């Protein structure tokens, strides 16, 4: 009998041991943000109204119609007068860039943000186990990863990934790489570096679909320090809850709506087609379909299903032509605020922010961080999400237990999203530290129309851009 009891206890203990190991492994696969640092270029790289006019005037391929188009685009863009451009713009060499210009632009950002985030966290470069860099429109040999490793003399066994061509959603793609590596290795530090190189990518032609990008994109970047070491979770700022990636590259219309190409004169530029809003909507809807069940409470999902079924039942019972239909359909929208406290939206432009706001039924308070980031820093491509997050932190909105939903779009066409949980109350100013008291301003209207509005009344037959 004792032998039987002993033999029975062994598999029970083994099962408990396996369960404990599984729980322990899951805990070690968590992904935490220890710190992050957005990049603020020096004031001598600030783009004001006067300077913008000088840069546009230097392009001899533009006519009166292009000037009017650019004025309308910049006035309605949501961008203010304190964004930043690469140094090549201030030396007047934007039409003849060198490889060195792009590299120097990136190194200026690397040396500032990486050093700040590592110093603040008390982590040496030699402790970094994983380095992921994403800069879509600059590919160098050696890679940008190698340049960082060389500058900081990182360990020879460091795992590095260098991403190019991934567009504005590359930041969350980089995060996905970090998350997956963390599943296989315990107690590691990862450094995620996200930016865009504008120096070699200024468009000097007159194709409207390509000059639009000159109005929207500005210099910026962010360095993010992450770990899966559970003993450091008390120091962490955020904990990753889930991440969803959607790629519509198989659809020709989506693939070609946001693409780098040459115009009919052979000038390289970034083409934004009229089908871009449609492609963004499709990818956004598909992404929401996957992430919604992961981030919303069961009660909201049940409510949504009940309302949807009731709506379908009414349509079947009464038909779409029934008199009662004039009263309007029963709303079956999901209340995202039941599972999300803050919305971190990619600053792709005013239309992007407005569109997401309408789709998710968000208030101006919810959209304020994205609007202010677009106004102050412009579209900094893949790094823009972190400027939006930093605004929330500087405004002391982020409290322990809050959930933050990040949403980004990128060429390909892609929509990526993730949910963070705030681990502790946050309130550091980051890149907004010295000026957060000025936001939001009383008005977001930029002075471009006041300064250059006269061009609307010009006669094409007598207009002289040199005057």
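Quick reminder: no glycine exception, Cβ is built from N, Cα and C everywhere.
Not measured: the values here are computed from a predicted model.
Taking a C-beta cut-off of under 8 angstroms and a sequence separation of 6 or more, residue 168 (active site) has the following same-chain neighbours: 136, 346, 348, 379, 381, 382, 384, 408, 409, 410, 411. Residues annotated as active site in TrEMBL: 168 (among others).
Positions annotated as active site by TrEMBL: 247 (among others).
In sequence order, 366, 369, 392, 397, 398, 402, 403, 404, 405 constitute the residues six or more apart from residue 342 (active site) in its chain with CB-CB distances below 8 Å. Taken from TrEMBL, the feature active site applies to 342 (among others).
Every protein chain considered, the tally of other Cβ atoms within 10 Å of the Cβ of residue 346 (active site) stands at 30. According to TrEMBL, the active site annotation covers 346 (among others).
Residues or ranges marked as active site in TrEMBL: 375 (among others). Within 10 Å of the C-beta of residue 375 (active site) there are 22 other C-beta atoms, taking all protein chains into account.
The active site feature in TrEMBL is assigned to 379 (among others).
For the domain 'FAE' (26-312), the model gives a mean pLDDT of 92. Here TrEMBL flags 26-312 as domain 'FAE'.
Annotated domain 'Beta-ketoacyl-[acyl-carrier-protein] synthase III C-terminal' per TrEMBL: 338-421, in sequence order.
Distance noted between the C-alpha atoms of residue 247 (active site) and residue 375 (active site) is 29 Å. The number of other CB atoms found within 10 A of the CB of residue 247 (active site), across every protein chain shown, is 19.
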